[in-house]
């Protein structure tokens, strides 16, 4: 069994999320005849992460390589069917049949038959479609070239009388070469020929130029543009083409023209100069096209019927093949015993799953009619187990936020327990407007109420992220409403929701009022900021002071929580060294400086003192012996400050020096075989510091340990200052959000409302809505989210969280149907 690192008993909250599930390394010995069914049942259970016991073997050397190859071939056929169905617009049908009722051998035979039939149908359809496309081109050649020859014939008839009366006539461009052939002496006649076809339009000019140069101008070419694009018989793609007719003299010229046509992808078709034969060919081609169209339609109908038949069982077959492939992949991770009659497997599983695993093994043995049952046993190991948290749809997103930084080490304190509350709260501190919070809440409620429907749909990347984090956004919106009520801002407008303002103005111009110009006539405003501050000259200084001090208080509280979590870790892992020489000095250092500052802030709020806290903190270091004067907030403050300063200084060497020497002493005692009862209780940290992972015989490098501790100490001391300052981003982003909201309200909405024009009102409202949604509800939300993420990952988690574990990844069929091949 994986070694228990302590009970954690009373020191840790009894939460499922606080510690990862206790894990154990289990071994199963399965007879060969029941191995397949056993792995299948364990995949249905989904609680075992198998270890690869054949890592030294290549995939082709493993026991079930042939079966995986077989499944891969069936998966290829499934992908082929899916591609064909997609092209034909056929949608696979969801099936309620159990995939276990199908036999893989039957599926293989059926897929092979269907593939052969579909390939044959496609081949016939492609052949018919090619013939159809060729006939379409041939018909266009007959039409366009026929027009050219008919025009030439009419021109020849009109010029016949002139040719007879004149012995020498000037060659005209319109006079056909064939007609001139008739007008010359037969004994001197040169044999003329012509070729017809189609050439891609983008190549037509180059085609003509190459022909002219290759024959040295001894050709005559005519081209006619085809208005509509045609499907090329060779490529099957649509293309714009021209019909051409080339006249030449001599076989040599013909040979050159044929080669050029082939090079340019020009399709040639036979053509007769006889008008009667042209008409006959046109009739034959048209009839053939009609027949082919009918035949192709029947072939497509036959293919669609076949694809619909495939679609009825497609999902069932696909799931079966994927499951079988996953099973054989897992079986390849098991090793054969020496008798080659059993398979031995090892893997991690939660302790609570032991009974369920044994039940699955027993059922597999019974269902496979195995004469020998499977053996289940727990192994002892010093390996680090995987980390497994049981989450639900609400907590999953928060756990993913933590895991994005690093997966928790086995049974390390889990930050997401408190992140569920602190993350949306810190976001809301920066996004405090209850109007904007209501908008976020409405958008999130849409996602939550329709989650069943949306979870089954294919969403875009952004929408999928928003849907996955819907409960995070839900919590963010609730806390935004809460902090918005504290800030008393509704789209930057204050409302006296809980009572009237406690103050009245001394004069008419309340916007010029300061605290001196206000008279308190009623009880203090019961909740949040008094609405009277809005619009006054002192609004910004007042809110700045409030939010800045509040940010420091929140930051110090969360950093203290982080250090307290390190105490839970040390207590759970029974590491007294980390408690006394890490937790205690860190708490002293942080609270003697910034905890003290937080107390001063609260005292100043309660007493109304005018003391300058900047002066108090700076001169606490620079001149600790000077009198505080008007900056004194309570009696004996100077003595308290000197005590805190002394404790803070002492805590630094306290963190740095003892731990490395104690670890060295423990290591020496362990190797000398001495018994140190107290030290035995304390340390598992030696293994952590030396990356031993539980191996007690690794070489101890004192210099490395000391340098590591030095770095850790410096990091904490400097981080205490920088991390506290980092929390001031809460104030900065809250101020920015408030000011932007105020600008959009005053400079857009109110300015538009000042015009007595309905069109300007509508434009102003639209601009205000788009600015609010685009800038405040999208960009500001993303900005505040990222800053809250930073505060948790760096300022909070670095106090205790190592995050160097690895996730529990069990063998399961749950997601097999959605996996891409």
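Glycine residues also receive a Cβ, built from the backbone N, Cα and C atoms like all the rest.
Summarising the annotation, Swiss-Prot assigns coiled coil to 98-145.
Among the features that Swiss-Prot reports, N-acetylalanine is placed at 2, with the record citing similarity to another entry.
As annotated by Swiss-Prot, topological domain 'Cytoplasmic' applies to 2-422 (among others), with the evidence given as sequence analysis.
Residues annotated as topological domain 'Vacuolar' in Swiss-Prot, with sequence analysis given as evidence: 444-470 (among others). Across the topological domain 'Vacuolar' (444-470), the model assigns an average pLDDT of 91.
Among the features that Swiss-Prot reports, topological domain 'Cytoplasmic' is placed at 492-549 (among others), with the record citing sequence analysis.
Residues annotated as topological domain 'Vacuolar' in Swiss-Prot, with sequence analysis given as evidence: 571-582 (among others).
Taken from Swiss-Prot, the feature topological domain 'Cytoplasmic' applies to 604-641 (among others), supported by sequence analysis. Tertiary proximity for the topological domain 'Cytoplasmic' (604-641) is limited to same-chain residues at least six positions away from its ends with a CB under 8 Å from its CB atoms, namely 549, 596-597.
Residues or ranges marked as topological domain 'Vacuolar' in Swiss-Prot (evidence: sequence analysis): 663-757 (among others).
Helix, strand and coil content of the topological domain 'Cytoplasmic' (779-821), in residues and according to DSSP, is 24 helix, 1 strand, 18 coil. Look at Swiss-Prot and you will find 779-821 (among others) tagged as topological domain 'Cytoplasmic', backed by sequence analysis.
Tertiary neighbourhood of the transmembrane segment (423-443): same-chain residues 398, 401, 472-487, 489-493, 550-551, 554, 558, 729-730, 733-734, 737-738, 741, 772-773, 776-777, 780-781, 783-785, 787-789, 791-792, selected by CB-CB distance under 8 Å and a gap of 6+ residues from either end. The annotation transmembrane segment is assigned in Swiss-Prot to 423-443 (among others).
What Swiss-Prot records for 471-491 (among others) is transmembrane segment.
What Swiss-Prot lists as transmembrane segment is 550-570 (among others).
Per Swiss-Prot, the feature transmembrane segment maps to 583-603 (among others); the stated evidence is sequence analysis.
Here the transmembrane segment (642-662) has Cβ contacts under 8 Å with residues 577-578, 580-582, 584-586, 588-589, 592-593, 596, 620-621, 624-625, 679, 702, 705-706, 709-710, 712-713, 716-717 of the same chain, all six or more residues outside its ends. Feature annotation from Swiss-Prot assigns transmembrane segment to 642-662 (among others).
According to Swiss-Prot, the transmembrane segment annotation covers 758-778 (among others).
Residues 433, 436, 439-440, 491, 737, 740-741, 744-745, 748-749, 751-752 of the same chain, all 6+ positions outside the transmembrane segment (758-778), place their C-beta atoms under 8 angstroms from a C-beta of that stretch. Taking residue pairs at least 6 apart in sequence, the transmembrane segment (583-603) and the transmembrane segment (550-570) share three or more C-beta contacts under 8 angstroms. Here the topological domain 'Cytoplasmic' (604-641) is broken down by DSSP into helix, strand and coil counts: 22 helix, 0 strand, 16 coil. Distant neighbours of the topological domain 'Cytoplasmic' (779-821): 20-21, 23, 39, 42-50, 75, 79, 315, 318-319, 322-323, 326, 330, 347-350, 384, 386-388, 401-403, 405-410, 412-413, 415, 419, 422-424, 426-427, 430-431, 440, 476, 555, 558-559, 561-563, 565-566, 568-569, 586, 719, 723, 726-727, 729-730, 733, 736-737, 740; these residues of the same chain sit at least 6 beyond its ends, with a Cβ under 8 Å from one of its Cβ atoms.
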